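These notes are about the structure you will find just below.
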Amino acid sequence: MGRRPQLRLVKALLLLGLNPVSTSLQDQRCENLSLTSNVSGLQCNASVDLIGTCWPRSPAGQLVVRPCPAFFYGVRYNTTNNGYRECLANGSWAARVNYSECQEILNEEKKSKVHYHVAVIINYLGHCISLVALLVAFVLFLRLRSIRCLRNIIHWNLISAFILRNATWFVVQLTVSPEVHQSNVAWCRLVTAAYNYFHVTNFFWMFGEGCYLHTAIVLTYSTDRLRKWMFVCIGWGVPFPIIVAWAIGKLHYDNEKCWFGKRPGVYTDYIYQGPMILVLLINFIFLFNIVRILMTKLRASTTSETIQYRKAVKATLVLLPLLGITYMLFFVNPGEDEVSRVVFIYFNSFLESFQGFFVSVFYCFLNSEVRSAIRKRWRRWQDKHSIRARVARAMSIPTSPTRVSFHSIKQSTAV
């Protein structure tokens with residue numbers, strides 16, 4: 001594949017030998033480009049080759065580098081790669097120009113498709129692992145009633161929001177085909193709205209985590225005064241009118257392609273993206289204040305409640321940047337460089353798909369209260385079954401030596 005562009009250019013050079021591309025106008029432009037160079041001694045004069053590439057005035061014995069042509073004989077080339085030509089020691093240009101690195105955009109599109117398919121596999125794998133981990137965490141919070149305080153209820157709801165988001169992601173991937181995407185049927189728009197709603201709830205439940213910690217640590221209010229319904233309204237309630245407003249905007253201004261993507265000049269997606277960015281920034285402010293208090297006032301405190309707060313803060317410190325980084329990446333332009341684009345695609349796919357896994361690990365599997373409750377349950381189960389086993393063994397002995405001798409005595413007496 002690497003030789004194909006070079007062969008195409010060589011064939012073109014043979015054809016162009018009969019009808020040179022180089023003109024006096026091109027030569028003049030190339031000469032003007034060389035005026036800025038400060039070259040002394042033996043040198044190669046400015047020259048335009050048969051492809052149309054300008055080789056500026058250069059010192060003898062130097063390998064000169066120029067970008068590949070952008071468009072040649074109906075084929076687009078990647079201008080981030082280079083062609084090479086040697087200025088010989090005698091001050092003349094080498095007859096051969098090395099265009100071996102100049103690749104057709106078509107080949108790069110094929111490479112992009114390969115990277116896209118790998119990214120899709122990473123996405124499916126990550127969402128599967130995340131969904132399994134989230135479901136396990138959900139069941140643990142459901143079964144372990146002994147740890148059901150407000151702090152863990154907030155964790156539980158955050159995990160539920162991620163489960164629903166992961167589930168709707170699979171619905172989108174498995175049902176919205178290119179044909180459905182173009183037809184813009186009502187049900188696919190509802191699926192998109194549901195996915196975006198659960199996406200927003202993730203951020204608002206993370207905001208609930210920040211509110212709880214900020215209230216308990218920075219404002220030093222008793223958490224007994226906080227109520228579950230307040231956080232339910234924040235996490236599940238507030239995103240609903242936001243998505244309704246977004247859906248109305250899409251319906252009137254961008255009603256196409258199942259409401260995925262956006263048309264140039266239409267900014268309806270900012271109706272829900274704006275609040276997400278806002279709560280993300282507020283959470284960063286909360287975390288700054290929380291860490292400041294923990295580093296100064298609560299460092300010496302060793303109460304169990306303070307220890308739990310510290311662990312919750314550590315989890316939030318890890319998870320909030322994860323959520324923030326993945327979302328802010330959508331606003332980053334990876335540039336034209338192929339390596340940058342590939343790194344961007346893989347990095348974004350990994351973080352986006354494994355978010356749920358990280359949430360379940362930090363808020364459930366590494367939660368000391370959850371682990372302690374599981375150990376207690378396990379010990380109770382072992383004790384219960386060991387007692388049953390002892391009783392069962394005692395009851396399952398058919399005859400003991402005492403019972404045998406008594407039975408024998410009874411028989412002999414009867415005789």
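Even glycines carry a Cβ here, placed using N, Cα and C.
Keep in mind it's a predicted model, so treat the numbers as computed, not measured.
Under the topological domain names given by Swiss-Prot, Ile147 lies across the membrane from Pro264. Asn98 is the residue among Asn98, Asn166 that Swiss-Prot describes as N-linked glycosylation site. As annotated in Swiss-Prot, Cys258 shares a disulfide bond with Cys188, one of the listed residues Cys149, Cys188, Cys364. When the candidates Cys30, Cys87, Cys102 are compared with Swiss-Prot, only one is recorded as disulfide-bonded to Cys54, and it is Cys30. Within the set Cys68, Cys87, Cys128, the cysteine that Swiss-Prot bonds to Cys102 via a disulfide is Cys68. Swiss-Prot names the disulfide partner of Cys87 among Cys44, Cys128 as Cys44. Residue pair Cys54 (disulfide bond) / Cys258 (disulfide bond) shows a Cα separation of 48 Å. Here the Cβ of Cys258 (disulfide bond) has 23 other Cβ atoms within 10 Å, regardless of which shown protein chain they belong to. Of the recorded residues, Cys68 (disulfide bond) and Cys30 (disulfide bond) place their C-alpha atoms 16 Å from one another.
Secondary structure at Cys188 (disulfide bond), taken from DSSP and collapsed to helix, strand or coil, is helix.
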